[in-house]
């Protein structure tokens, strides 16, 4: 091979690999910005969170109880997700759009096509439904959570729209599992300045 040809191949590979890596990462991960107090103290409004997208394969294990997930927001009736409700999480590249639609967008599709919530999994498929979770799950208490369904709750129950209101969350409505907070925690503002 001639030197110019080798240089051209090296240049093509050097420019293609970063683009390919970025596309793969975008299909596997997402970043959301928390909006609201439903997950305090774990996550506060403004926190950016790295999410590992859930595998679309039903054979892959789903999130276990205790994991934090991003799920499509549902109205209190438990009907399919709506885009007109306020989000608990939004894509970090801009606010969520008011566009309704069932199911989770394809990997690489704009996250702003849906409204999202960030919640903690309280029960996974096969786990018993805890008692006292409100009207949406009263009749299910003690029974096992059905296959491909989850119970999700906010850490701050006084300010959370979750399974207590909507019932089970379907696996297809889970975008992914929280990996870590990306933004450093900033101290809360106090009502009066400190004196030395």
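Cβ coordinates are placed from backbone N, Cα and C, and glycine is handled just like the others.
The feature active site is assigned by TrEMBL to 38 (among others). A simple way to gauge crowding: the CB of residue 38 (active site) has 25 other CB atoms within 10 angstroms, across all the protein chains here.
Residue 119 (active site) falls within a strand segment according to DSSP. Residues or ranges marked as active site in TrEMBL: 119 (among others).
Annotation comment: TrEMBL describes 87-101 as compositional bias 'Low complexity'.
Taken from TrEMBL, the feature domain 'Peptidase S26' covers 14-129 (among others).
The domain 'Peptidase S26' annotation in TrEMBL covers 140-179 (among others).
Feature annotation from TrEMBL assigns region 'Disordered' to 87-108.
Within 10 Å of the C-beta atom of residue 119 (active site) sit 29 other C-beta atoms, taking all shown protein chains into account. The domain 'Peptidase S26' (140-179): residue composition by secondary structure is 11 helix, 14 strand, 15 coil, according to DSSP.
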